[in-house]
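K.L.:
Please find one structure pasted underneath; my questions will follow.
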Amino acid sequence: MPKTVVVTHPGKPINNEKRFRFELLYFCVILLMVVGLAAGYFMWMMSFSTHSPNKGLHILDRSEWLGEPPSGKYPHLKLPVSNIIIHHTATEGCEQEDVCIYRMKTIQAFHMKSFGWVDIGYNFLVGGDGQIYVGRGWHIQGQHVNGYGAISVSIAFIGTFVNMEPPARQIEAAKRLMDEGVRLHRLQPDYHIYAHRQLSPTESPGQKLFELMQNWPRFTQDPTSLRLLSNETVKIVTRPYWLAQPPIVPLTPLKLPIESVRFVATNTPSCFTQAECTFRVRLLQNWHIESNGYKDINYNFVAAGDENIYEARGWDHSCEPPKDADELVVAFIGPSSSNKKIALELIKQGIKLGHISKNYSLIDDLEKS
């Protein structure tokens, strides 16, 4: 009987083993490529984060703080912008996100309902929690300082900083926002920083924050160039702002156009903040009325050390003897080159408005005092 021969096929298991090894190798190569790409992307992101001005900057958009939509249209900013104006909100501060959101909604409601604005007036606000809250953003003109919305971006610190400094993280967040503005080409690299008080009769952004600002690299001490851009070269603090009392009796009209301007010294201590200078001007008015028997403060304007012009009798009313009734009298609290420069700008404005003759004469009694 013939034997049955069983033929085996040793090649098949060998082929399966080779295929398994090949697939394993292929899988490992793909895995290594994915891991390599992920690692490379991670390193790139780490490098980007390290060198980006955006590192640590957290911005909450309007939808995140539940802002109301604008009630109307508003004009766009021409970018990049060259000027930053720093404010404080003159409200309570906030250290936590939920409190800052509440402050944002309150400020927006106040601006829209009390001022009649179409939206919150600031471009950005900075919370004490170290976060940025978007107001009107980079693209829309603000209503933060009258006449300057088209040529500046406003950054308001949430809080009141007359007697206390903002926390370090609030200041750092504002600086990072400005760096981000340059990176995004929303700000010019050589932008200028100003305080609200340099452009308007206000304490904003508060004395303590203003003192800190003066150490910032891009802070600009002289606001003349910005005033020229806004067609405003002189900041006049009107009588209601310094809480002037009314004249005792009606004043004598000043004959226009004025042919002569006289600079005189008040011979009183200097002042360097609006609060101090307002106090000095009010003391002068009280002294002139109660001690000297004048009808009112006996100057037309007062140039003070805070680089503001304070309206006294103004353009329309003449001073009393021993002053010449036909002269415009500008008094100086602490005469200096800076407030003398502003007084000369006041004269230019007076000529432009038709109050002062183009051929006026200037009598400078400051040199005698």
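One-based numbering along the chain as shown.
Cβ coordinates are placed from backbone N, Cα and C, and glycine is handled just like the others.
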K.L.:
If you check Swiss-Prot, which of Cys28, Cys100 bonds to Cys94 via a disulphide?
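P.N.:
Disulfide mapping in Swiss-Prot sends Cys94 to Cys100.
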K.L.:
Quick one: pull the CA-CA distance for Cys100 (disulfide bond) versus Asn359 (N-linked glycosylation site), whole Å only.
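P.N.:
Distance between the two Cα atoms comes out at 56 Å.
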K.L.:
Tell me whether Cys100 (disulfide bond) sits in a helix, a strand or coil according to DSSP.
P.N.:
helix
K.L.:
For the domain 'N-acetylmuramoyl-L-alanine amidase' (80-206), what's the mean pLDDT in this predicted model?
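P.N.:
Mean model confidence (pLDDT) across the domain 'N-acetylmuramoyl-L-alanine amidase' (80-206) is 95.
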